[in-house]
């Protein structure tokens, strides 16, 4: 089994999990061309697609892929904005493909029906969890997004996080602004800079690393709580309120 990150648009990743027999699971194919080119180059055939949410940069390539692979199974949340999902999934469901059981987790916040998939030691988090950051809340509330991130944070530390975008360096700038003395975060930024300089993805990354470096997963720590309270100029007592302030801060942040 091999995992490949297929770049799409300016900063998206389409994930391809390819079995030894050439069958593949594709995650969030926002464009068809990167998948078709990789399938021809590497000799794999997509048999299933896991869709995390309805945004076009995550599902825009589905129709063309169906033309090339008519037997393609399409899994996604039950959302009228995702007519491409032919097999609806919900929290607690299991999707079996390539002999792998992918657990479905509801993670609303970025969108109201967003889901994530966990299987074969990988977390496909869509736009909920990024390396060193998290997604914007276009439809959800801070408590929903907080709960979603806590759900993902509870997975085993060796889980490899496969995000929907290459946002690591931009997120690192904010994370270091909030948590400037975090040595693990400083190392992660340096490693990510070297990876991008070599035109390599900064993903996947272990959840253990994210728990040590991602401010949105470190809301309980004195450093993050103090930074959020100082920015808000008020006393903040709950982790949800710390998250809400941190997300507002990130939305307005310019490096």
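Backbone N, Cα and C define each Cβ position, glycine as well.
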For the Zn(2+) 2 site that Swiss-Prot describes with 57, 58, 127, which of these is also annotated: 68, 88, 91, 165?
165
So what sits near residue 53 (Zn(2+) 1 binding site) in its own chain, CB-to-CB under 8 Å and at least six residues off in sequence?
77, 79, 82, 110, 111, 113, 114, 115, 126, 127
Between residue 55 (Zn(2+) 1 binding site) and residue 165 (Zn(2+) 2 binding site), how many Å separate their Cα atoms?
13
